[in-house]
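Novice: Below is one structure. I have some questions about it.
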């Protein structure tokens, strides 16, 4: 018998698919037929590490009858979004709330924020001016670049205190030049993720028959994890005192340690994906839970991709740029857990504008960082059947999904 909310597992439901702008009042109105324990205090939104709402929330209810009433609201609408309702329990709720959000047990803020949408050529001085009146620590601005040295349009800023970082969030959607800038909570852990390992967005082309021998040696050096050399300084300008600057690419494309002095050889195993045919190897995300997209419209944006996967909430989106500086029609999308990446595969062959999108899973349960137990998976509505996609058991996926698609023609990003 389930105990009351003052002890035991309580009377808890989980909502999924909430609008990003959802408020406590919206949840109370949606569950107006139910008694919410402690009123507004009984609604607990789940946040991403960037401080954004994840589209999910736990709600503590007053009785088992209230839980049954709430479950009847499954698939009903809130605005233009339909909401999924799952039965949950206090153990799951406490675990998820503890391990989500920028203030979670898995991350430390230390006064960091992340900026997105910076104009091309944005300088650190412009960022300082953007946050005029808020003290930024010395060398506290990081402008990540990709292995080709191109600005990603994002930045990390460390303020002198967490209070100042909270004030900095008030600059969300203000402008630098003609671009409106998004400001999110961040953490030192997230800063590290952009350079730990620094090869996360690197693509290595298989050498052609007329390539110089050095090119082949570089390729073999990575695949065999042999001949690793220290990275040379260059592209990753962290801006934090004591952190060395790395490009992430040595003359031999080899890696020994990251900028925190840790061995990088681990990240080379199980991270090469043969699914795109024989012409390319792609290094996957540091979370280990990535979905590759192919066939994107030429003008597709990050927001289009976030909306495509709604109500799931990707951790990060990287739209690939070719050597000619144009989009390739492909993108890598990182998710926080293996379960979310598997759930995202339900969007395979769905349309974005007038193009259908192919998806390829690159995630393993073994790469999950602590993640959800089977009980948590059930709370998310992920069944064992869903964990098996297109006849391939998720546990058998070894950094390589979609081998059955390798014979298909590549869907480019050009219309």
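Glycine too: its Cβ is placed from the backbone N, Cα and C atoms.
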Novice: Hey, which of 68, 73, 98, 185 does Swiss-Prot call SUMO2 cross-link?
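Specialist: Per Swiss-Prot, the residue annotated as SUMO2 cross-link is 185.
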Novice: Of the residues 77, 193, give the one that Swiss-Prot describes as phosphoserine.
Specialist: 193
Novice: Labelled region 'Interaction with RNA' by Swiss-Prot, one stretch among 349-354, 355-360, 361-366, 367-372. Can you tell me which?
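Specialist: Result: 355-360 is the stretch Swiss-Prot calls region 'Interaction with RNA'.
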Novice: Looking at SUMO2 cross-link as annotated by Swiss-Prot, pick the matching residue from 14, 87, 124.
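Specialist: 87, according to Swiss-Prot.
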Novice: Under Swiss-Prot, the annotation region 'Interaction with RNA' belongs to which of these stretches: 51-56, 57-62, 81-86?
Specialist: 81-86
Novice: Of the residues 224, 347, give the one that Swiss-Prot describes as SUMO2 cross-link.
Specialist: 224
Novice: Swiss-Prot lists region 'Interaction with RNA' for one of the ranges 179-184, 197-202, 203-208; which is that range?
Specialist: 179-184
Novice: Counting Cβ atoms within 10 Å of each candidate's own Cβ, which of the modified residues 161, 187, 193 comes out highest?
Specialist: 187
Novice: For a three-state summary based on DSSP, what are the helix, strand and coil counts in the domain 'RRM 2' (111-188)?
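Specialist: Helix/strand/coil tally for the domain 'RRM 2' (111-188): 18 helix, 30 strand, 30 coil.
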Novice: Over the region 'Interaction with RNA' (81-86), what does the predicted model average in pLDDT?
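Specialist: Averaged over the region 'Interaction with RNA' (81-86), per-residue pLDDT gives 92.
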Novice: So among the recorded sites 116, 173, 294, who's got the most Cβ atoms within 10 Å?
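Specialist: Output for this query is 294.
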Novice: Under 8 Å Cβ to Cβ from residue 349 (site 'Interaction with RNA'), same chain, six or more residues apart: give me those in sequence order, or none if nothing qualifies.
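Specialist: Residue 349 (site 'Interaction with RNA') has long-range Cβ partners 356, 357, 358, 359.
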